[in-house]
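I have placed the structure first, in the form of structure tokens, so that the comments after it can refer back to it.
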Ligand SMILES: Nc1ncnc2c1ncn2[C@@H]1O[C@H](COP(=O)(O)OP(=O)(O)OP(=O)(O)O)[C@@H](O)[C@H]1O
């Protein structure tokens, strides 16, 4: 069965949105197979966001994701990678549809509540990195 890596980012944890996010995925019919609260090292953050290392916001991105605990999860189900991305909404919350997680709870692109793998290959890489 397909798996994806989902992470509630430090802003989502501080705003006490873990339960809301877990609930949405459960109600959609996906299965939570592993989860943990953790603080990410700079090394793991730089590895996770490696594709953005040449972007002007890279330093800010690493500072933010290591700034407090995150809630890392593995979810399983049919087409879970693509479905999770739809449930999350667009990267920039200003364009995210109401009803999506970012569309309902986030306001800025730097602090957008949640991460989800963008392909089955990324999911495999990210699950190995975090679990
Ligand atoms: N212009 C920007 N300024 C600040 N942060 C940004 C910007 N663009 C992207 N980011 C941050 O980098 C993260 C990774 O960007 P990416 O394009 O991979 O989006 P994503 O796949 O939707 O997000 P994520 O990987 O967190 O799920 C975004 O979630 C966002 O927090």
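Glycine is no exception: its Cβ is also placed from the backbone N, Cα and C atoms.
As recorded in TrEMBL:
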- 115: active site, pros-phosphohistidine intermediate (ACT_SITE)
- 9, 57, 85, 91, 102, 112: ATP binding site (BINDING)
- 1-131: domain 'Nucleoside diphosphate kinase-like' (DOMAIN)
- 91: phosphothreonine (MOD_RES)
- 122: phosphoserine (MOD_RES)
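Feature map: annotations from TrEMBL on the structure.
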residue: 9; record: ATP binding site; DSSP (3 states): coil
residue: 57; record: ATP binding site; DSSP (3 states): coil
residue: 85; record: ATP binding site; DSSP (3 states): helix
residue: 91; record: ATP binding site; DSSP (3 states): coil
residue: 102; record: ATP binding site; DSSP (3 states): helix
residue: 112; record: ATP binding site; DSSP (3 states): coil
residue: 122; record: phosphoserine; DSSP (3 states): helix
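There are 22 other CB atoms within 10 A of the CB of residue 102 (ATP binding site), with all protein chains counted.
Counting other Cβ atoms within 10 Å of each Cβ, the lowest count among the recorded positions 9, 85, 115 belongs to 85.
Largest CA to CA distance in the ATP binding set (9, 57, 85, 91, 102, 112): 22 Å, whole number. Confidence annotation: the domain 'Nucleoside diphosphate kinase-like' (1-131) carries a mean pLDDT of 97 in the model. A Cα-Cα distance of 19 Å separates residue 112 (ATP binding site) from the residue listed as 'phosphoserine'. Across the domain 'Nucleoside diphosphate kinase-like' (1-131), DSSP classifies residues as 62 helix, 28 strand, 41 coil. Checking the recorded positions 9, 85, 102, 122 for a CB within less than 6 Å of any atom of ligand 1 leaves no residue at all.
Between the CA atoms of residue 115 (active site, pros-phosphohistidine intermediate) and the residue listed as 'phosphoserine' there is a gap of 12 Å. Ranking the binding-site residues 9, 57, 85, 91 by Cα distance from residue 122 (phosphoserine) puts 85 first.
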